[in-house]
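Copied from TrEMBL, the annotated features are:
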COMPBIAS  1-27  compositional bias 'Polar residues'
REGION    1-62  region 'Disordered'
ACT_SITE  E150  active site, proton acceptor
DOMAIN    156-405  domain 'Radical SAM core'
BINDING   C170, C174, C177  [4Fe-4S] cluster binding site
BINDING   G232, E233, S266, S289, L290, H291, N368  S-adenosyl-L-methionine binding site
ACT_SITE  C411  active site, S-methylcysteine intermediate
Amino acid sequence: MASTPRPQSRPTSGAEQIKATSVTSRARQVRPAAEGWDQARTPEGRPLLQFKQPRVTQPPKHWADMTQDERVAKVKELGLPAFRAKQLNTHYFTHYTSDPADMTDLPKERREELVAELFPPLLTEVKRLETDNGDTIKFLWRLFDGALVESVLMRYPGRITLCVSSQCGCGMNCPFCATGQAGLTRNMSTAEIVDQVVAANRAIARGELRGSKRAEGDPAERVTNIVFMGMGEPLANYKRVMAALRTYVEPQPNGLGMSARNITVSTVGLVPAIRKLAEEDLPVTFALSLHAPDDELRDDLIPVNDRWKVDEALDAAYEYYEKTGRRVSIEYALIKDMNDHGWRADLLARKLNARGRGWVHVNPIPLNPTPGSIWTASEKDVTAEFIDRLESAGIPATLRDTRGEEIDGACGQLAATE
Ligand code: SF4
């Protein structure tokens, strides 16, 4: 059942800071509620959270599921010398191919059999949508068990970003999110998470992502940045996501040779997992999808807030900064009349400043507009004031691009359907 909008009680903190002349202080309060679908609930009436996947069959083991030692052991088990593992790595991680016809340095009579054994097909392209003159592509993939997931490839000046999925569906049940509606089907395997990047690199190598300004002699283009903002809560699939991250940053040919700094792991706030991530020797960019600085609103907006409150999530984010030295991003979708009030910008700034200076950056994101819905983008002047209030308090804030909204590929819009 969708939650009934209820009147907002006057906030006890932050409200005193409302500027008499502000635009945002005049805004009304709208409460979060799922529209057009029923939010799964516990017997107590709270949105259901699913941390564990149901019992399901996992995809067949793939080369990208294995560590380098396991790969060497595997080729030996198949009666081949160890150096074949390096050749197979080069095909997959450097040339982005698992086509036996491309593997001309392997014994001809074994190629088909090796590929069938080591590179079972994981992602089958079902549909591809292009927008922004062809420099954004949304891929819809069917997995071995029929589950559908998406990834979105975006060209920006000087970088190519891939938004990847980490779970089939999601168990976090956020009322604004298309992905959350269906619940969690299963965790994606490490290789399924890696193969999204390999497939995107293959598409780029074939010239399928338009808008290239590459001159002759420039290095070949490939995905430079990864954001875990597709389907799923990456920290709820911790082990497999960590293994995929290690493969992303492992130098070629054994991995994709990417920079950890260019990889953003985003979470709605699974506090124990954030602490664990800080202990990994992986200086990825960490993003907390906060969307509200007060528990009263965030409890409804991000149901996992029931488990870990705003202050706990911010403490864990600050600890991430302290441990890694990497500045943390706070993602804040600006939703008209729901979370875009001036006092909320002030409260957010106060909470961030209370933990220190220079450790955090806020990315307000205008929600993708759904006219007539309670989930719609903040007005331009409200957005500007929200950012202005953060910056006046010394918090750097950058309005994020909502690339891909025409093809429902922006955050919170990924609900894979054919
Ligand atoms: S917003 Fe993110 S965490 Fe929430 S349901 Fe959607 S995919 Fe899951």
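Here the Cβ of each residue, glycine as well, is placed from N, Cα and C on the backbone.
Everything TrEMBL records as a feature, shown here on the structure.
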residue	record	Cβ contacts under 8 Å, 6 or more apart
C170	[4Fe-4S] cluster binding site	C177, T179, G180, G183, L184, M231, G232, E233, A236
S266	S-adenosyl-L-methionine binding site	V227, F228, M229, P234, F286, A287, L288, S289, S329, E331
L290	S-adenosyl-L-methionine binding site	G269, R298, V310, A313, L314, I330, E331, Y332, L348
H291	S-adenosyl-L-methionine binding site	R298, L301, I302, E331, Y332, A333, I335, N339
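When other Cβ atoms within 10 Å of the Cβ of E233 (S-adenosyl-L-methionine binding site) are tallied across all protein chains shown, the result is 29. A sphere of 10 angstroms centred on the C-beta of G232 (S-adenosyl-L-methionine binding site) encloses 29 other C-beta atoms.
Between the CA atoms of N368 (S-adenosyl-L-methionine binding site) and E150 (active site, proton acceptor) there is a gap of 18 Å. A 10 Å cutoff on Cβ-Cβ distances gives N368 (S-adenosyl-L-methionine binding site) a total of 20 other Cβ atoms nearby, all chains included. The least crowded of the binding-site residues C174, C177, judged by other CB atoms within 10 A of its own CB, is C177.
Recorded residues E150 (active site, proton acceptor) and C174 ([4Fe-4S] cluster binding site) have their alpha carbons 18 Å apart, per Cα-Cα distance.
Look at the residue listed as 'active site, proton acceptor': DSSP puts it in a strand. Ligand 1 lies under 6 Å from the Cβ of the following recorded positions, listed in sequence order from E150, C174, S289, H291, N368: C174. Taking the domain 'Radical SAM core' (156-405) as a whole, pLDDT averages 93 in the prediction. The Cβ of S289 (S-adenosyl-L-methionine binding site) has 24 other Cβ atoms within 10 Å, all protein chains considered. Pairwise Cα distances among G232, E233, S266, S289, L290, H291, N368, which the record gives as the binders of S-adenosyl-L-methionine, peak at 20 Å.
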